[in-house]
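**Student:** Just dropping this structure here.
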Amino acid sequence: MSKGTPSMGKRQKRTHAKCRRCGSVSLNIHTKQCTSCGFGRTSRMRSYQWQRKCKF
């Protein structure tokens, strides 16, 4: 096994596909879960308070 640049040429498969619910290209093909909206993991849309801008 070699590390580094020769190993990077073997990465040809797609990891993420287009999500049916949010439309972003963040649906993991192997786990069948969207990292953007949480599709496949939860019925609710994925949203957190730390994503929003703080109001003073």
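For all residues, glycine too, the Cβ spot is worked out from N, Cα and C.
Residues or ranges marked as Zn(2+) binding site by Swiss-Prot: CYS19, CYS22, CYS34, CYS37. The zinc finger annotation in Swiss-Prot covers 19-37, and the record cites sequence analysis as its basis.
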**Student:** Hey, which bits of the same chain come close to the zinc finger (19-37), Cβ under 8 Å, at least six residues off its ends?
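**Tutor:** Sequence-remote neighbours of the zinc finger (19-37) are 45-46.
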**Student:** Please give me the CB contact count at 10 A for CYS19 (Zn(2+) binding site), counting all chains in the structure.
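**Tutor:** Its Cβ has 20 other Cβ atoms within 10 Å.
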**Student:** Taking the Cβ of CYS34 (Zn(2+) binding site) as the reference point, list residues of the same chain whose Cβ is under 8 angstroms away and which are at least six residues distant in sequence.
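**Tutor:** Long-range Cβ contacts: CYS19, ARG21, CYS22, SER24, SER26, LEU27, ASN28, GLY40, ARG41, ARG46.
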**Student:** Around CYS37 (Zn(2+) binding site), which residues of its chain at least 6 apart sit with Cβ under 8 Å of its Cβ?
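**Tutor:** Expected: CYS19, ARG21, CYS22, SER24, MET45, ARG46.
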**Student:** Across all the protein chains here, work out how many other Cβ atoms are within 10 Å of the Cβ of CYS22 (Zn(2+) binding site).
**Tutor:** 16
**Student:** Quick check: which same-chain residues outside CYS19, CYS22, CYS34, CYS37 lie with their CB within 8 A of the centre of the Zn(2+) site CB atoms?
**Tutor:** ARG20, ARG21, GLY23, SER24, SER26, LEU27, THR35, SER36, GLY38, PHE39, ARG46
**Student:** With DSSP as the reference, give the number of residues of the zinc finger (19-37) in helix, strand and coil.
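**Tutor:** Its residues divide into 0 helix, 4 strand, 15 coil.
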**Student:** Any idea what the model's mean pLDDT is for the zinc finger (19-37)?
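**Tutor:** Computed over the zinc finger (19-37), the mean pLDDT is 97 on the 0 to 100 scale.
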